[in-house]
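Notes to accompany the following structure.
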């Protein structure tokens with residue numbers, strides 16, 4: 001390969017984040033480029049979950065007064081710095097689908113200017129469009145779709161709220177959050193940002209970009225564990241009095257007064273619904289302990305270096321095999337490399353998995369590789385690229401074992 | 001006391017469920033009468049959660065194809081026999097608040113007869129009323145409240161759906177599910193049953209009672225762990241095509257096809273939303289392993305015996321101290337004993353907790369004690385009653401340490 005293993009090792013020696021890798025429990029023989037689907041396990045998560053099991057066993061109901069009940073706000077405040085948000089602006093709760101519904105109801109329900117359309121993005125992760133459809137169908141609003149690649153400004157007439165991903169899950173393309181937010185506001189609409197592929201992948205600048213509303217998950221780049229809870233951001237000055245439609249007791253102003261009538265909490269707590277899993281929160285909290293030590297600009301620099309290294313190692317062989325590299329330019333890139341091979345993409349990913357290189361495949365034709373700077377070294381990336389090259393050069397993807405498509409999570 | 005310790009021990013020797021207690025990890029020195037808030041920990045839950053942590057560490061994203069993704073349906077099917085439901089009629093997902101919203105949307109949204117009112121119960125657990133209010137406020141429906149103790153039939157005119165608890169969380173009073181369901185249907189309305197204080201507390205007869213819709217939680221009598229996921233029941237012949245409003249990708253007919261448009265799954269899966277915590281499900285599954293061995297009529301008999309034993313031990317001293325026993329008659333009883341002492345209730349519960357007897361207190365004036373036949377012996381109940389008697393006779397509740405009211409979860 002054009003890049004030598006020695007060079008990759010040199011880069012590791014200069015890597016200020018190199019020490020983080022030892023804090024993750026990674027299986028032997030695996031080169032994991034799928035942290036954009038499910039992050040690896042922080043070693044501390046195991047003890048944290050065991051401690052919560054002890055707490056359940058020994059403290060029983062008292063556990064709710066010993067950190068479980070206020071975990072949504074506490075973890076929200078710990079997450080906020082990674083998102084460019086402040087204290088009291090983030091709550092960890094439910095999942096992206098549900099959090100989008102809450103914000104749609106919070107925003108669309110109270111508009112008095114007759115705007116009744118919700119715009120979602122074509123080509124975005126499907127659940128964002130699905131919940132916008134459910135919301136509109138149920139609430140009597142109009143759902144519209146922004147065709148992928150179209151000019152957003154041309155689609156904002158009459159739109160109350162648009163749901164956009166900062167980083168697209170397929171292409172890894174990053175929108176300019178500040179410019180886009182300004183554009184949407186100038187058209188009299190609100191934007192809810194989906195940060196699923198931004199949070200923990202790069203420095204997110206919610207406050208500085210003028211963003212008012214966002215949702216995201218914690219099980220991808222944030223390494224919170226399988227199905228770890230989602231989060232929801234509302235800028236401080238947008239937390240006016242108002243209901244969100246999923247009005248459960250944990251979002252009540254006084255949940256233990258057992259009042260007959262719902263009264264939303266004055267702050268971000270209003271976006272909680274009902275009882276949450278203490279176990280799920282404890283794994284995430286262990287991961288956030290680690291994140292507290294991470295300098296985000298340094299993370300970003302390493303993320304881009306890793307994606308470039310992978311591409312540099314493979315550029316010639318991808319071209320030879322007719323595989324298209326659709327990875328965006330540096331300034332528009334998330335933390336992934338995206339390739340297109342409609343004919344052999346699935347089989348290539350399967351052949352790589354058989355070699356312990358875990359990426360993922362999404363119909364139609366997309367090979368997707370996530371780069372997680374906390375637990376991937378440059379040497380890991382070099383070896384992953386070497387395997388990829390060998391799969392292509394040896395034609396391993398032609399092995400019939402790898403051509404049968406099954407459900408891919 | 002009128003009942004001797006020897007008698008309680010005799011009852012334990014005859015108890016067909018006595019062996020279950022060894023399968024729970026209970027702290028030393030605690031007599032736990034709060035399993036109606038948070039159930040105790042099955043010993044197997046610890047290993048199950050550790051195994052899921054191993055799976056996350058070693059299998060990473062593959063875990064979703066190894067039991068995590070279909071846990072909502074698998075656990076639903078394991079739960080169904082405890083609820084008198086069949087295969088494919090129960091899904092374990094989200095929480096009661098969210099599941100009520102889904103069913104309200106599923107039922108009210110498609111009515112074509114002009115009925116636009118949702119009736120919830122006064123005196124029920126608040127979140128049921130709160131979410132009915134949010135649903136109606138957002139969807140443009142009318143929310144009405146059935147005053148506690150009022151005749152249901154007098155309040156059903158124009159009602160589309162009524163939300164009722166089978167067992168009231170305060171009084172422990174059980175409604176006749178079959179008769180009430182017939183009554184509601186005869187008035188042209190639907191009923192959603194909340195089984196929070198029924199599931200695992202007594203044999204629930206969803207199918208036999210004619211019930212079509214229900215929700216519940218698994219962290220109380222079912223011992224699924226703190227904040228374990230909720231469940232939702234829809235009778236097989238009521239699973240027509242139709243949307244529920246919280247239309248996320250896990251409820252899609254083909255979640256991994258990444259279609260642009262939402263299409264609800266044909267079955268109970270439609271009531272799933274987004275990604276769920278694999279850890280939370282694994283603790284619950286360990287508990288359901290244990291429940292598979294339980295004969296529900298035997299559980300019911302022991303539940304009633306335990307509540308009667310507690311009341312018999314205390315009848316004279318409660319009367320002396322002016323504490324009202326509002327526990328319903330046997331046939332109308334859940335699995336709890338409910339007492340009223342507005343003046344000293346809180347302090348009495350605190351004094352009991354200081355002695356290791358865990359019950360709970362709910363404003364105004366309610367002392368609530370849950371009886372869980374799987375891990376409580378008759379001797380445990382006898383000792384709990386002895387402590388109660390000593391607290392009253394020694395006036396321990398007058399200790400100023402116990403009179404300051406704090407948040408009680």
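The first residue you see is number 1, and the count goes up from there.
Glycine residues also receive a Cβ, built from the backbone N, Cα and C atoms like all the rest.
Just so you know, TrEMBL annotations are computer predictions that nobody has curated.
Record features (TrEMBL):
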- A:96, A:97, A:125, A:126, A:127, A:128, A:194, A:197, A:219, A:249, A:275: pyridoxal 5'-phosphate binding site (BINDING)
- A:220: N6-(pyridoxal phosphate)lysine (MOD_RES)
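Overlay of TrEMBL feature records on the structure.
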residue: A:96; record: pyridoxal 5'-phosphate binding site; CB count, 10 Å: 25
residue: A:125; record: pyridoxal 5'-phosphate binding site; CB count, 10 Å: 19
residue: A:127; record: pyridoxal 5'-phosphate binding site; CB count, 10 Å: 26
residue: A:194; record: pyridoxal 5'-phosphate binding site; CB count, 10 Å: 27
residue: A:219; record: pyridoxal 5'-phosphate binding site; CB count, 10 Å: 27
residue: A:220; record: N6-(pyridoxal phosphate)lysine; CB count, 10 Å: 26
residue: A:275; record: pyridoxal 5'-phosphate binding site; CB count, 10 Å: 25
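Proximity to chain B (Cβ-Cβ under 8 A) holds for A:96, A:219 out of the recorded positions A:96, A:194, A:219, A:220. Rounded to a whole value, the Cα-Cα separation of residue A:96 (pyridoxal 5'-phosphate binding site) and residue A:220 (N6-(pyridoxal phosphate)lysine) is 13 Å.
Comment: pyridoxal 5'-phosphate site residues A:96, A:97, A:125, A:126, A:127, A:128, A:194, A:197, A:219, A:249, A:275; largest CA to CA distance 30 Å, whole number. Across the structure, residue A:220 (N6-(pyridoxal phosphate)lysine) and residue A:127 (pyridoxal 5'-phosphate binding site) are spaced 16 Å apart at their Cα atoms. DSSP assigns residue A:194 (pyridoxal 5'-phosphate binding site) to a strand in the three-state reduction. Annotation note: residue A:127 (pyridoxal 5'-phosphate binding site) sits in a helical segment as assigned by DSSP. DSSP classifies residue A:96 (pyridoxal 5'-phosphate binding site) as helix under the three-state reduction.
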